[in-house]
Amino acid sequence: MAVQNPSDGVEPDRMIDENTPLLSSPPHCAPSSSDLVPLRDVAAWQAAINLAATTGRSLGGPVGGWLADTIGWRWSFLGQAPIFFAAAVLCVTWLPRDTKAASNEDDDSNSLGNIDFVGALLLALLVLTILMPIEIGGAQIHWTHPLIFILFGIAALLAWFFVVVEKRWAKQPIFPLALLSHRDLVLANIIAFGQVAAQLGLMFAVPLYFQVTERASNTVAGAHLFPAVVGNAVGGIVGGVWIKKTGRYKKLMIFATITSFFSYLLIFFRWHGHTNIWESLYIIPAGFGSGLVQSAVFISVQASLSPSHKVAATYWIFLTIQVGMIMGLACVSAVVTETMKWRLSTLLGNLGIDAVARHEIIEKASSNVDYIDTVEIAISKAIVESYAEIRPEGEQYNIGIIIIGKVV
């Protein structure tokens, strides 16, 4: 998230999330840990993995912000290449190979003909056509534009084709449809989706909020994410230890949603443009709840399914988390941007500024936060006020999806 730098001309509602690879790292380690250790110990190992990833995220905020302030945010991506390469080398070198392959398997069972290429392609296109309208709606085209409805229609058609392929054609479906009838798995995915969408929405809005209201640098704005990632690490550790000792996870998920709800509620009522250091810590419970969910959801899936379905179910969780991250960022950015434009238009109208000038100011203010420093004081205050007053709107979104998770 430290990559956010609207001063480079990037729209705040479409800024790139540098932390997305790190946020997705713990789930990708899940199959390995579940194969290497007993199920009851998986949560503790996942907590350790989450702690390592959280350490990286903690450094990512201030370090990435410092890079954005010094050499530019684009160059910060270059530094990730050797890190990921080193991680790949370590995996190849140290990760145990699968020694359980049966020697009497037919050669035909391993043939390329059994791989569900069509299902994989349809699933990728389905996710793309669902996310694209959310990405371009309100930013590049209006929400009522025919293209939005066309894309959703294509998504529905692709979903139908995917179901047909998985049910009647694929020899080894990439997604067994029988999993949809498994209540525990469906609910676990809903909870994971809601939690991660709310968390990523928060992590998008927090740096932008402090950049605008306090004119914080990228380094300082990124550092404001540190309490959330610390809470995430603590939550992952606590969740892992709790599950290892008790073997229970349902109450843990309920507690996680309540904790996150409390965090978003505090932000909703207290963040209105003048946030002190202690109030900035309100994001800790949100990170803590997210860490608890990461441990509990994965264990709930592993404990409730037969071994034959665990791989497909685990990667369904992965897909849900990835889509939840993108949806959380896209939805919150859309809410923040559209509400800011509407509120700023009202404030500028009260200052007696004509419609043409208002449109120009709104477009520049929504694409570059440093534009605040280039206008007269009255307009600058209006821009800051419009951003400060949209915090409740963004938190209404987060609170809403957390309530859904709590009900589930």
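Residue numbers in this text run from 1 along the chain shown.
Glycine residues also receive a Cβ, built from the backbone N, Cα and C atoms like all the rest.
Quick look at what TrEMBL lists:
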type	residues	note
REGION	1-32	region 'Disordered'
TRANSMEM	75-95	transmembrane segment
TRANSMEM	115-134	transmembrane segment
TRANSMEM	146-165	transmembrane segment
TRANSMEM	185-210	transmembrane segment
TRANSMEM	222-243	transmembrane segment
TRANSMEM	249-269	transmembrane segment
TRANSMEM	281-301	transmembrane segment
TRANSMEM	313-336	transmembrane segment
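Sequence-distant residue pairs (6 or more apart) of the transmembrane segment (185-210) and the transmembrane segment (115-134) include fewer than 3 whose Cβ atoms are under 8 Å, leaving the two stretches without contact. The transmembrane segment (222-243) makes contact with the transmembrane segment (249-269): 3 or more of their CB pairs lie within 8 A, with pairs spaced 6 or more apart in sequence.
Among the recorded stretches 115-134, 146-165, 249-269, 281-301, the one sharing the largest number of Cβ pairs closer than 8 Å with the transmembrane segment (313-336) is 115-134. Per-stretch counts of Cβ pairs under 8 Å to the transmembrane segment (249-269) identify 281-301 as the leading one among 115-134, 146-165, 281-301.
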